[in-house]
């Protein structure tokens, strides 16, 4: 196993020298190192057979070694003439001629000859200087033996590959002798097409001893990505991808930002991930644009603050805003991914905060000026542009220090050359930059005179975000609208003490009339206070409820009784109407008495003990109960049935001789109906009413309101009795029971039916 590993390590060393450059051109591109099998086989002199798994492990091991040997240098980008290729092809043809032709994969001598002839024919037509050709050839072939690529992580340096090991072709353009041009070097193998490698200065740079080593791109030190050289389009695993994100600088500071609740990171920064250095020296008075643009020739052409309407195509910049040039340090425009850190110098962790100067105004008010700007459309637009647009950013509102969170962030990537805009500062305000090859221009745009700070626009639903409170800035004094406490509400002229005194007097009246606060509802309390103070106290419900609770605690016991005819109710009886208590016989009987007195000629209500007495003692036990009443002259008889734990109702309609059973749980007690039928027959014989001795029918009513708990059966029975006696429909349900209980309590205390 060790021997096998040593062999693979040696193969990796040879494979690392197959191609030494990557393609960059100033952009974010991966490092492409593919396996140059033909040169490897030519060096080893024997067939090489190894499976994919061994290749994968060998590639991973060699990747770590190569990465440690990288040296920061200028990228290689050279352009030369075709004549140099003649020498390279000649050396290649001599290198290719080996005894064993089976070591090559797909190339043949014929293809090499055709390629050489093609390059020679194209080289004859060019008239270029030979000095640059020789310099380039020398720069390409003369690699120092002790270079970083010649050593693999401190191991013994090996022989550098000769020019014949690299089949290359050179493409170039004519240049003046005094001009430091660029050279493009194309390296080919026998399997793939040519690869064009990175950009650099001319061969004069490498003549001074600078090695031709690929430049390691200057990424952000916190976001430096390490890629394996032998991973061509190899997809990173999800674990490694998430690990890199968690180790990034963004997520290290995200928790601190959330705790401080200063702002949220914009969507653009979450996507791009790479921060550029903040340029504060040129943007103290306003926001800076992340897009490169030359300095304005006229210093008077400074951009003024401009607030358009909801159209986000206008341009806004600070009074002293300065547009930095992204090429001042030699970095390419596409070399770094753009973020909003450059656009707003005061931005922290992806959130922009623009502090508005309050020195000129004593109160925190908005003052907007309408400006008209014209922007000329550029004649030429670049093919690729990066557009970032954020609809709402953070802003500090003067002395109130009110901060609104970012509501909507969007990023658009356009290849058709659309306008580039960045909108910020709590509204659809934008910044535009147009890339025109190597020059960028920043112009002000818009002919809109409407102010975004007008109340009409701010009231529009598109100007509001569901994640933040609406911002009201119509020239009036800015108030605290974040907490929505007492500051945002209209001050009440009634103080707490005055309200407490009035409320205590009202509760005294309720206690005197009803003996308790059970029948009192919230609507009645608010209505009484409104009648007294002519003001709505709905916003002070917590204070009112607290006062009522304290009052109830001070008046727990009250000697209160109700007398009606022969009935008497005390506080224990009335307490059964509170909450989910079961009604007792005293409440049922007294309320039945009120119903019977409401329609005395039509309805007769039997006592709740009637059925129990009838079952236990028979007809003789209840014979004298109707001594003074002729039941057959009534139209409706109401008989409550109390079965210890449940209340039901039996009604007798004398006009059609029907005995009906009403139960709020859908139960039918046939023996109860049969007992009432026998009683009526006996009563008809005793009172000499032969017409009621026959024709009796029984019925069970099912389509009636039903209870949904185990405590409101007595309330349902009383409601059945009232509706039947007053000939009202059953328009109540379980949800109405709390209200019905309070109403029954009041009716018992006032000894009359209210409706």
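For all residues, glycine too, the Cβ spot is worked out from N, Cα and C.
Taken from Swiss-Prot as is:
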REGION    268-321  region 'Disordered'
COMPBIAS  272-283  compositional bias 'Basic and acidic residues'
REGION    567-724  region 'Protease'
ACT_SITE  646  active site
ACT_SITE  663  active site
ACT_SITE  713  active site
(request) Write out the long-range same-chain contacts of residue 713 (active site), meaning residues 6 or more apart in sequence whose Cβ is under 8 Å from its Cβ. (result) 582, 646, 647, 648, 664, 665, 707
(request) Only counting partners 6 or more residues apart, tell me which same-chain residues put their Cβ under 8 Å from the Cβ of residue 663 (active site). (result) 648, 649, 669
(message) As a test of reading the model: what is the averaged pLDDT for the region 'Protease' (567-724)?
(response) 94
